[in-house]
Each structure stands twice: as structure tokens, then as C-alpha cells.
Amino acid sequence: MTIAVAMSGGTDSLFALVLLKEQGQQVCGLHARFIPPTGHDPVPDIRAMCDRLGVDLHVVDLTEAFEEHVVRPFMEDYMVGRTPNPCARCNATMKFGLLADAAAHVGAVHLATGHYARLLRHPRWGTVLQRGVDPAKDQSYFLSLVPHARLEKAVFPLGNWRKEAVRGELARRSIVPPLPSESQEICFVPDDDYRAFLKDRRVRLPGPGPIVTTRGRKIGSHAGLWQYTEGQRKGLGIAWHEPLYVVGKDMENNMLLVGGREALASPGCVAEEVNLLVPYEDWPAEVAVRIRYRQQPLSARVTLRDGRLYARFREPQPPAARGQVLAVYDMEHHVLGGGVILGPLP
């Protein structure tokens, strides 16, 4: 039974390969080209490392599909004022979609990645996604949109590891990753400058408009709604007698809505594109949710109605950004499901 390991050239995927090989698993490397190389091509270095480890490497070109399923929706989200989460979309459609298909094509039964998350077996639910043990690196949030059937074929060797231990173990083995530095936040956006990326792609974005308080008073002008995110404080360019925050976007009237801290209190949010990883009838009444990465889980009650998730927070929170992911957990840190945030509770 062969396990294909998705090889980016970085620390995590390399150690995932090393771990599986040392466990006696039959493995091969699988590298996906998601974006055309603009500088140094990592493939020769990845191939050399695989040769050193005695592992075959397969390379698959997915640049056109990545443009269609990840880059284009990313640009379209900004055009309508959403704050997209391309990593979650990539995991669902590319890594555990088309790349998993490529793994099967080369004869692999499973696809392993360097994600910091765990997969467990449950007597009723089958494969269950759970948070990784390293709270600083846990990536279950970004995996909550991956269909359950795809997770059945996934392997996460690093789920019980901490990042520093991974680095230390590679160093102890005198293995240097071809790309040792941390990858940037959005792999296809140079220098993580999404504003420059969108302008370079000549994306037609909403123009300037008024900044209006929650009481209806115009107090300035914004540079385009696409440049702001719900809950944002810095970068508004307004001198005011109290700190101001983005509390919403009126796309129809091209208005940026701002208010003081008290205006941030949101009772909950609604999510669409729902992905259930545990049958909804088995969800507990009280769950934990995350509406952004690196956030402590929030106590909430979540209902599924008409194909959407309605999350009501136990305590009001800053508004959830439209386009981000709502991930739902039980108290044992199992991921129950996820969705794409549509807006605040009606």
C-alpha cells in the first residue's frame, strides 16, 4: 500500500516523508506545480532530496486548475467586498481534490501532507478530523472545508508533533529541506502584498466612497471597500475622539461602516458552502467555533437550516469577516464541520 506524500520542499512535508519511511511505509513523493515558477525552480532540489532518501518523485502540473479554483475566486471575492481564505479553498479543491486524484493515478492509496492536524477513527463517524497538538501550528481550521470522503484517504503524520521538535529531528538526521524557510501566507501573492497582486492582475475593484458611522454621520472617505476587513482598526486614516473599527460594508451604496468598540459586538454569523464532517444530528448543543485563524475557540450554539450554519456566540464578538471560514468543534477538539461566512446573524 503506497502513500504519496505531497512535497512542497519545506520542512513539514519533508519530515512527514521521513517519518512514514522510517515507520516502514511504502512511500513516494508528489509535487504539485500550482503556480508557474517565477524564480528558482524547487523541483530539482526536491528530486535530489527524494533520490537521497530512496523515494520516487512524481511532478504534476496543476497551474490551470489552481488559477480556476483558487486564484480566480480569490480575486472575485475582493471584487464584491469579501475577505477570502484561499488556503481553505485550496485544501478542499486542490490538495485533497485534484492532487489526491493524482496520487491515485500513480498508484497511491493515501495522500499524506505536512499539516498539523490529527485524524482519528470513530465507531460511528469513521475518520474524524481533530486539532493538532501544537496550538501555535494547528491547521484544522484550514481543513474544515475538505469533504469527509477525501479525509478518509488522508494521512497527517505531524498531528502529534510540535514545530520545534520537527526542526530538531531533521537537524539530528542532518537533513536540510530544499526550502527551509516558512512559506508565505498566500503562496501565489508575492511578498503577501494582495493589494499589489490585485492591481497587477488588473482586477476591477470598487473605488473610493464615504466612511459613515453607525449613527449615519459621514466622517471621511475610504480607498475602496476591498481594502478593509470587518473588525479592522488600523489604516482607516481618520482622527477621531475614540478608536474606530470597521463594523460592516454597505456594498450597494459603497459605504464603509465604522463605530466604537461597543459597535463591534456581534451576536453571531451565518455560513454557506457547508461541509459536514460529523452528522449534524450528532452535534452537541454547545459547541466551539473559530471565525478566524489563530483564534481561541468561542462557545456557541450552531444550527443547520436550509443548507446554512447559524452560529450564535455565547458572548458577543467582533464581526466575522465575510469570506472567511467558520469552523465548528466539539469539546474534544473534533472538527464537526465548516462553512464560508456569509455575514452576521439576521
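Backbone N, Cα and C atoms are what each Cβ position is placed from, and that goes for glycine too.
For the ATP site that Swiss-Prot gives as Ala6, Met7, Ser8, Gly9, Gly10, Thr11, Asp12, Ser13, the extra residue drawn from Gly107, Gly114, Gly126 is Gly114. Of all the recorded positions given, namely Cys90, Cys187, Gln324, none has its Cα within 10 Å of the Cα of Asp12 (ATP binding site). In the three-state DSSP scheme, Ala6 (ATP binding site) falls into the strand class. Taking the mean position of the Cβ atoms of Ala6, Met7, Ser8, Gly9, Gly10, Thr11, Asp12, Ser13, Gly114 as the ATP site, the remaining residues of that chain whose Cβ falls within 8 Å of it are Leu14, Ala16, Thr113, Pro177, Leu179. Recorded residues Gly10 (ATP binding site) and His115 (site 'Interaction with tRNA') have their alpha carbons 12 Å apart, per Cα-Cα distance. In the three-state DSSP scheme, Gln324 (site 'Interaction with tRNA') falls into the coil class.
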